[in-house]
Amino acid sequence: MPIRVPDELPAVNFLRQENVFVMTTSRASVQEIRPLKVLILNLMPKKIETENQFLRLLSNSPLQVDIRLLRIDSRESRNTPAEHLNNFYCNFEDICDENYDGLIVTGAPLGLVEFNDVAYWPQIQQVLEWAKEHVTSTLFVCWAVQAALNILYGIPKQTRQEKISGVYEHHITQPHALLTKGFDDTFLAPHSRYADFPAALIRDYTDLDILAESEEGDAYLFASKDKRIAFVTGHPEYDALTLAGEYFRDVEAGLAPRVPYNYFPNNDPTKTPRATWRSHGNLLFTNWLNYYVYQITPYDLRHMNPTLE
């Protein structure tokens, strides 16, 4: 889907350099079709980088996707210019009376922070409660998965003693699931998290369908039977160099991190890594848009009355 974004958004030029089809609002306005309305709650500190990554994954299909960016943290950002936030982001109050076809909630570097100590935890709870009645399908990524499992299912925070970082192999567990349609039986995906997602825990606490997991028994991809919510515990949106940037940042901070697993050629941080997960990342988001959003959302969003009860 060509993504529909404001003409001045920096991602437009960035993605066009990669030959990614981005449709500006001015061009999209002359097409007489209803675009899918997708809201992205961006919790990452480097918001522009994260925008580029998610918009890239949402761009590869023939229908329009109208993107709106949401922020819920009113504190001054150290990583994103205030002008960018003011120009391209909305607050919850701006959209709380609207309905959306899809919602994506990104990860956040909060793996070692207790939920009640997260500055915007009440706002996260508010958005998830709102989404039950106002969004057709919501996709949670990495830390947002842990937050959603706690809010929606009461699952306690599970934290690993050591951060998992690297590119790990996973296998699909339901061969005919729509969200993994077109996937290889085994595939790679990057992870960067302290959160722990044992598949057994998900099965014990919920009726969610686990669609893919790691060889170590960690759930990677799972979803509700009604397609209203989906969870991906890794970072399929990451660029080839994102894990490297995190690793060298931690090295410079004196944290002595482990070299990301299965990432640098010959496990040598001086060598340039390559993205080995890109095709499955694209498939995941394309499948979510098609089967979890487009196929079940109403044409007239005013008539939507979904429920997770």
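Every residue gets a Cβ built from N, Cα and C, even glycine.
Matching Ser137, Ser192, Ser224 to the substrate binding residues that Swiss-Prot gives (Lys163, Arg249) identifies Ser192. A 10 Å radius around the C-alpha of Gly111 (site 'Important for acyl-CoA specificity') takes in these recorded positions out of Lys163, His235, Glu237, Arg249, in sequence order: Lys163. Under DSSP, His235 (active site, proton acceptor) is assigned to coil, being neither helix nor strand in the three-state scheme. Note on proximity: of the recorded positions Lys163, His235, Glu237, Arg249, the one nearest Cys142 (active site, acyl-thioester intermediate) is His235, by Cα distance.
Other residues of the chain with a Cβ within 8 Å of the Cβ centroid of Lys163, Ser192, Arg249, the substrate site, are Pro109, Ser165, Leu243, Glu246, Tyr247, Asp250, Pro257. Counting in whole angstrom, Glu237 (active site) lies 19 from Lys163 (substrate binding site) by their C-alpha atoms.
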